[in-house]
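Q: This is the structure I want to talk about, given as structure tokens.
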Amino acid sequence: MSDDERTFVMVKPDGVQRGLIGEIVSRFEDRGLKLVGGKFMQIDDDLAHEHYGEHEDKPFFDGLVEFITSGPVFAMVWEGADATRQVRSMVGETDPAESAPGTIRGDFGLDLGRNVIHASDHEDEGANEREIDLFFDEDELLDYERIDAAWLYE
Ligand code: GDP
Ligand code: MG
């Protein structure tokens with residue numbers, strides 16, 4: 001299995017306001033994933049519509065756009081073996097109330113509309129690459145080796 005799959009992750013405005021950036025970054029670092037891009041930014045209306053385009057017709061769409069543009073987010077790209085699926089399993093279910101303890105949403109949320117973190121959907125083929133392209137330029141993604149790489153992979 002290739003160990004260089006990349007996936008897009010974002011601490012949402014509620015996670016930023018609640019001081020959870022460090023905790024969330026630590027979980028991915030501890031797992032052995034490699035941070036290859038990171039950006040503290042505020043999402044504008046156009047980017048919100050593009051990022052959440054698949055939900056345009058849903059009743060929660062306007063509220064979702066308002067929420068995701070309401071304050072800074074921390075956007076990241078993480079790299080590693082099976083990264084998209086592994087990150088999703090660490091994030092939990094869409095609804096924190098349905099998420100297992102030990103997952104990020106299961107440990108830090110209670111409400112569907114305030115679920116702390118976004119991660120690319122592993123069941124949506126190519127979502128990771130689309131979202132990385134949407135948020136990052138190629139030169140904002142760095143190639144380097146973690147010093148412990150030899151101990152993370154057989
Ligand atoms: P995700 O991939 O697990 O983030 O979930 P989805 O792609 O289905 O939905 C995107 C985001 O829309 C979720 O993370 C929630 O922030 C929000 N969302 C989804 N469903 C609902 C809902 O029924 N009500 C509200 N208020 N927000 C929702
Ligand atoms: Mg989704």
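Sequential numbering from 1, following the chain as shown.
Any Cβ shown, glycine's included, is placed from N, Cα and C.
The annotation active site, pros-phosphohistidine intermediate is assigned in TrEMBL to HIS118. Residues or ranges marked as ATP binding site by TrEMBL: LYS12, PHE60, ARG88, THR94, ARG105, ASN115. The annotation domain 'Nucleoside diphosphate kinase-like' is assigned in TrEMBL to 4-143.
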Q: Which residues does THR94 (ATP binding site) neighbour through Cβ under 8 Å, counting only same-chain ones at least six apart?
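A: Same-chain residues close to THR94 (ATP binding site) (Cβ under 8 Å, separated by 6 or more) are ARG105, LEU112, ASN115.
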Q: List the helix, strand and coil residue totals of the domain 'Nucleoside diphosphate kinase-like' (4-143) as derived from DSSP.
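A: Split into helix, strand and coil, the domain 'Nucleoside diphosphate kinase-like' (4-143) gives 63 helix, 30 strand, 47 coil.
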Q: Whole-number Å only: compute the distance from the Cα of ARG88 (ATP binding site) to the Cα of the residue listed as 'active site, pros-phosphohistidine intermediate'.
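A: That comes out at 9 Å between the alpha carbons.
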Q: What is the pLDDT of the domain 'Nucleoside diphosphate kinase-like' (4-143) when averaged and given as a whole number?
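A: Overall, the domain 'Nucleoside diphosphate kinase-like' (4-143) comes to a mean pLDDT of 98.
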Q: Measure from each Cβ of the binding-site residues LYS12, ARG88, ARG105 to the atoms of ligand 1 and list the residues where some distance is under 6 Å.
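A: Those binding-site residues that pass the cut-off are none, since no Cβ is under 6 Å from ligand 1.
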Q: For the C-alpha pair, I'd like the distance in angstrom between the residue listed as 'active site, pros-phosphohistidine intermediate' and PHE60 (ATP binding site), rounded off.
A: 16
